[in-house]
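The structure follows.
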């Protein structure tokens, strides 16, 4: 057939120009080509030559991006223009189908217009990004020409009587309007930027964010296309393959999204509600109003997008109905269209009756629907994240003004405040994300029911009722699920507490062979947790079952009723499959209902909690002088009177953020006349924690300037409140009514609290505390606080991170760092609150001499020292003595000697006693040395696995850091082995059941839909047959629905049963795996050698039992179910489409490749971003808890602004990670849903063609299209779940790594029955050529040791730190590897004994006393073998009987975790009693007296010499004088025995090492 622009028909009217060229339809179309050709020719050289050559050389950076006026409107109009042009092309093609020849003018101009529209927006984008508006002249000319030509065409159509019934008339009018609007936008750019017709063009700079190259989150700045498709994320996501994503890569937040910006918006919203009296309203309502005002607009935008997406979602079922209806028509003849101006015109009805047109419209609707849906999600989540940042900042600001008496009096805890930040703010974020559903769900349900009623009549309402009736059941199940989860959490916390105890005391448990008892305790708690988990699994499986079964039940009910209501019921494929799709749409909002309602309730509760917190008491700021002081006019007075009237009031409105910088604000106040030598003076002080009776009353004190003032107690008076009261002006902690005089220039003060407060940062940063590092000063402070030896032990020196609250340090080390911080500051005033409380006498003395008396005095700083150490009183320049909350006396020591002689004598006696204590203390190895030793052990175990990055990429990196490609390859691989481990743990019954039930379920789902297609196709065939045989209905001709309905009902029922089986199988599999993995993990850990616990941080092991176990318990089953469902649905959908139209397989291949690469890139980026979000949240929460705990210190230092600034950094870091993760998820979903839309288009076109030309049944076409729609829904879920599963399988991998740990060799050559019952009876020990090491890869710690210990002998072992003393004691218990030699006890080689038997027959008292939570009885005898009399006897021997007798319950009195309700000395005595209860003939004391006071040590020594007189005792000595009475002494050096003899013999030898130790100890 010949081809011509105006057609090649004979005598064609298309060429008739008798009435003028403008009255010829073909010429009008040709005229509209001119603007498009002009634009294409003009822009081609600029686009491809100009920018093409430029882009190859230089990339235009986003710092030049600038949106011209009307930017978004231009993009929207262009999108609409493109859609209308697609309709014009389609209309032209359909119209051309009625002629014999091809009339190119009907669709070719529209095609050129489509190309020109795309070119125009590409051209505009390039001009905009390069900020060169003069080149927009070409577009201006194009819009003028296009508008003029379209308007001429529209006018001629009107003139010739073409009206609204003709589709081309409407399209032409619409195009004319669009070109006119785009012309107006272009003129607006000229007026805005003045690039032509004006002498001086407007100079505009890009936004501040884009000039900052650190801002890489570009969503707010890119064009509309990039915004809606997240195109700007492409390079970011693909780069994750080459390099892991970290905070440096994701950059900073744009200014509008930062926590500070959003906080200011929120504060403005709160301020707008301020009443005329100046007060803010209380309660949750003002918070909701403020949130609405600050964040309501973007939420309305999100709701609008959601409405549009939901309405467009109904296009799917309607288009399926139209397509199937079109191809199942018996008579496809359409009335010929009318012909005007020599061309054909068709109506919109005729246009929409075309199946291909409907396929294209369905594709367009799907693209738009998915775009709007993802835009709604993104805007809602972004708003939630912005809100979270603002609320967290407001909470922090409130904390800074919080009256700390709330926490001191127990009204508010650190945990509650952290919960507000961690849980309640996230509840609000989640509520904002689900909020659009609240508004969209009713609309979705109403429209869905109306459309179902339109298709099926009254039976649709019955089907919808089934869904509606089951929705409350779903809500009930969701509520029960929430309760089960809460219950599980409680049991989980209790189990973790017991596991923590087990791991902390594992050394003792192994030495006493009690590990199985404690393991059993954990297992018992785990069983309770599993019972709760069973309930959780049951309700989860019911929820999954209902999600899958309700649509089947609704469809079955509807079709059964529909068939029975009317004998001649219309059950065509068009109706059946459109209804099927509508039911799937209708089910979603009803299932979401439970989530939305629960989220709303939680949000209401959270806002109530926030309201209570914001209304809590703050430190007051009103200053009402109670005493009138004469003021002086001079401005150079050094001091000021600060009359304080601090009143606690409920002030939720104190949100002033005076300075976000780091400047200190010095308030200008009236200067008071006072003594030049007085730094601080309190007159008539009245201090109380609450509104009750005063803690301190009638306080009149003065602190001399530049001198050392000591505050001491008399008898029972608490000295600390006095210090706190002085700190009031800085910290605002107490209610007070006083006049306080202090140095006007004070600014901040340095403060060391009684309970040391440390930051989770490096040691050097803890000491400098935001001050610049001055090396000489830093060195002096370190020396004064005796910190250098401790720093030397730390793996990174003073750059070592010391952990949350200084967790890796001892109390004394924490105290000295806290004091070092106060000394390092350059403030005039230093407050030290009992700094010697955790220090031994040597460190105290050194700190006093070097730190306070030397360093601070030399600098003429005012020092206020609260202390119990009276021996330092002679050094004080001024002393304040307190008693019962009042000042007893003040003055110099000499003044007090004269005025209070009795008090002075009392002090003198106490000073003498403390000096004696000083003399008794050992010089050679002080407490600090022991601390350092413990620290060395702690740091060794921490450093062995310092950073716990067990993920696969890290393990590869450690092997070969340079091989980056290998690391990256490892990161992209799905951990199939871990998946295999998980599934294989399910067992031989559950695993096949799980797999087969899933396969059968989806097979039946396909069978149900296939049978529906078969049934409905036969309905059509029966109707056609009935028409041919002149029957009034198909039933008259013998057709019956009953047989089809019966099979359909059976299939549906089987499908529902299989849904139940599948949901139960997946949850029970998860439960079984959780049980097996935890049991294996616990038993493996307990049986593991001590080496594992020494080289693995405790936190790492606890994480296996907490977060990893929780992931396996609750998250993996749900993800596995979701992944298997979405994958099998996609696979079954692809199978059905391929069966219906085999040609689809050709298109499937490239789509599958695209999907593969998208998921490959996304998984890596998503994993990195999830980890980044988690890791940025931890410092944020830690910062909140640190701030609350150190509030007094922060206020004293006046560092509120610095800490606020740090908070903003932490919040923004967490928010940017969350935003990038959200954008990455949207990036994936948009692409997957676009691919889904392409699958729908290809399937539709292929099935329509197959039906028209190969007579494919209309039922199968409906089936294929329904499944194609399903694919677009489930593709992104498949990839998302795959990414989640990959992250979650990391937990299985980490646990599996620990399961491979080789256990200790518990078996021996002898069985337990072969060992004599009373062994060892004598306690004789022979050590023959013994060499031991901690691991086969390490050097020996004991070398060729030989010794013989007779029964009942007391052996003392001494040596310097690291000589091998402790290793000697551990060798008896086979805790170390004895690779050479042997130990024989009472004639039996211990290597031949079962490990459990050996350890159960020996006793040991360790250096660190360990008690467990439970009763005293349990702590003494966990095996429950001893009688009460035996236990009381042991307590009496340990001199603890009086203490235990006074406790409620006696032996059944409770011991708190770690034995915190007993002193250190009492805990050590309990350990002694525990050793006595065992009554073994051999006792080993491993530095048991190292960490106890002298009194407890003397008790221990006495007990050992009397109660253990007949037993063999091996004493590893800490203080050498403790082994002077031993029978034999062994001196060890570097693993070798240096000396071995009686102590008196060794003391007589001049060159004896032992003698030198004793000499040093005196």
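Positions of Cβ are set from backbone N, Cα and C atoms, glycine also.
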Scan 919-941, 942-964, 965-987 against TrEMBL and say which stretch is down as region 'Disordered'.
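Result: 942-964 is the stretch TrEMBL calls region 'Disordered'.
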Kindly point out the range from 13-32, 33-52 that TrEMBL annotates with transmembrane segment.
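That would be 33-52, per the transmembrane segment entry in TrEMBL.
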Would you report the average pLDDT that the model assigns to the domain 'ABC transporter' (680-909)?
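Value for the domain 'ABC transporter' (680-909), mean pLDDT as a whole number: 73.
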Six or more residues beyond either end and a Cβ under 8 Å away: which residues meet both conditions relative to the transmembrane segment (536-562)?
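Non-local partners: 452, 456-460, 462-464, 466-467, 470, 473-474, 477-478, 480-481, 484-485, 488, 569, 571, 576, 579-580, 583-584, 586-587, 591, 1001, 1008, 1012, 1045, 1048-1049, 1052-1053, 1055-1056, 1059-1060, 1062-1064, 1066-1068, 1070-1071, 1114, 1117-1118, 1121, 1125.
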Counting only residues 6 or more past its boundaries, what in the same chain has a CB within less than 8 Å of a CB in the transmembrane segment (136-154)?
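For the transmembrane segment (136-154), the nonlocal Cβ contacts are 22, 28-29, 31-32, 34-36, 38-39, 42-43, 46, 68, 113, 116, 120, 123-124, 127, 169, 172-173, 175-176, 179-180, 182-183, 186-187, 189-190, 195-196.
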